[in-house]
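Everything below concerns the one structure shown next.
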């Protein structure tokens, strides 16, 4: 939150051991540079937005035809939100582990960069596809009646779009990392 | 068509000047290597499929409600097919010019690689979005009636999907080229 540097971050830790752990993590953080930090932030945003998308969509059951399970587009959107959330969870945990220990769960740096890039790409394609499929049916229903069901669907679709933006930008950073790997 | 090398290609040219032009083009072609050839092929495929998508969709007018202009999803799909076709045309012309003259229309190699990568990415996202939006309404209509209108729409959507696959793979090659640029 504050921009006052590692001293302030270290002071935020509880005991001396905590402060040391936080400090070493912050050091690695700084060493990894802006792209790694930006990508972790983008993946955390994608995690948040895909979680919101799946929770809002999965709870969108108001009886009768106002149930997301009645519409294949909404099932698709929910399924892809779950996939995106699992992917973002795995990647955030991997990024945090890498920043904490300095070691990657995937041993080869080049392979790791390729997995990052391919994964971000595929999940971004799935998310834009899912939200594009779910948008028209929502639009048709809102022309007839604007209620809690359609509003919740629109909210879930918007969250899926924000998750797409975050993962798509993360794919750009992964592409940049992949090109940096070519230098090693 | 034949795999017998530059001699056979040179022999296919008309006069001596033609043969020299073809030979020098084939030399550059070989120098640029497999990625450049693969990408030109992928972009030519994307050009073909996006042209088919836009022609099939634009001619899908059979009177009454069987008119693509009645459905916003189909208008979106047509619009994106036109954008993708214009993009593929420009990129194929640029690739051919580059292979013929050895010079790129965009002077800086790094900037050229970034434009390739960003353009392929954005067009791929638009194509998957357009075909995902148009697919559900076609599916609903085909559950009620399976006629020339819905078949043509399905064909146009399939062509847009193939164009997406070609441009998406071209984006991977562009990403590879971008990482090779980092080596220069």
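From the backbone N, Cα and C atoms, a Cβ is placed for every residue, glycine too.
Per TrEMBL, domain 'Casparian strip membrane protein' is recorded for B:36-166.
Residues annotated as transmembrane segment in TrEMBL: B:40-61 (among others). With a cut-off of 8 Å between Cβ atoms, the residues of this chain six or more beyond the transmembrane segment (B:40-61) that come close are 67-69, 74, 77-78, 81-82, 84-85, 88-89, 91-92, 95-96, 99, 127, 149, 152-153, 155-157, 159-160, 162-163, 166-167, 169-170, 173.
Taken from TrEMBL, the feature transmembrane segment covers B:73-93 (among others).
Same-chain residues lying 6+ beyond the ends of the transmembrane segment (B:114-135) with a Cβ under 8 Å from its Cβ atoms: 50, 71, 73-74, 76-77, 79-81, 83-84, 87, 91, 106, 153, 156-157, 160-161, 163-164, 167-168, 170-171, 174-175, 177-178. As annotated by TrEMBL, transmembrane segment applies to B:114-135 (among others).
The annotation transmembrane segment is assigned in TrEMBL to B:155-178 (among others).
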DSSP residue counts for the domain 'Casparian strip membrane protein' (B:36-166), split into helix, strand and coil: 111 helix, 2 strand, 18 coil
Spatial neighbours of the transmembrane segment (B:155-178) far in sequence, C-beta under 8 Å, 6+ residues away: 35-36, 38-39, 42-43, 45-46, 49-50, 52-54, 56-57, 60, 74, 77-78, 80-81, 84, 88, 113-114, 116-117, 120-121, 123-124, 127-128, 130-131, 134-135, 138
